[in-house]
Amino acid sequence: MARRSLALLAVSLALLQIASAARSWLTQFTTDGIVRTGYDASGQKVMMLNLDRSSGPAGFNSKEQFLYGEFSIEMKLIPGNSAGTVSCFYLSSGTDDWRDEIDMEFMGNSSGQPVVLNTNVWANGDGKKEHQFDLWFDPSADYHTYTIIWNPENILFKVDNVFIRSFKRYADLPYPSSKPMTLHATLWDGSYWATEKGKVPIDWNNAPFVVSYRSFYANACVSGGACHAGRDGWMHRQLDAAEWGTVRWAERNYMRYNYCQDGYRFPLGLPTECSRS
């Protein structure tokens, strides 16, 4: 009897630990729109953003602001025809014309077409720095990890264990370095832009659209506070030769758009950094 009681106590404590961890994850954010929570098969807490014709955009936003850090989350994207939707994981200093922003945006697809990941960097309102990639797997079949590393030297983008982009800082060019940023995850109607440059809008017959997030991680410097322990792992992180190899692999095989190759968009000349990287 005592042994059974101990076993039950152990199970109860484990469930309490899971619930406590889940609450800790959720308490770091405020929410907008329809956001639901639940557990996956492994007992991990999942936050689900929901979008339908009447609900408007959904999202969650960090209560803290950050100035440099490593941020990652696991996402499971919308299955089937997600054309016109945009699912995001990004940092932003605000909505003004002089904002800083670091984006990972997943542009919905027509069924059977690749999901496009749009990476972008804004500094003092200067954006138009997009690199876009066709994902080489089905991002709706399972969870995948998406990571942003932001430090004083560069901004790195990673999918699972594969680095796909490095945005380098140059002393004479704008770079996100002084404005604390809030972390956001959002789901919204991007019909005007997201799929085939807006040619394929949302089909609301497929609603509700649901994106699931879990396993949020941040090791960062909090605005007005201290940097977390372990910052040495990312504060001066740059790519080594092997990691540059994965970037070139992604560019060679899966890059859909590179702003540094878009002379039509920049008729007066490509941005300065394009000739340096």
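Cβ atoms are placed via backbone N, Cα and C, with glycine included.
What TrEMBL lists as active site, nucleophile is GLU101.
What TrEMBL lists as active site, proton donor is GLU105. With a 10 A radius on its CB, GLU105 (active site, proton donor) counts 21 other CB atoms from all the protein chains.
The domain 'GH16' annotation in TrEMBL covers 23-213.
Counting only same-chain residues six or more apart in sequence, the Cβ atoms lying under 8 angstroms from the Cβ of ASN109 (N-linked glycosylation site) belong to ASN81, SER82, ALA83, VAL115, VAL116, THR195. For ASN109, the entry in TrEMBL reads N-linked glycosylation site.
Positions annotated as signal peptide by TrEMBL: 1-21.
Every protein chain shown contributes to the tally, and the Cβ of GLU101 (active site, nucleophile) ends up with 20 other Cβ atoms within 10 Å.
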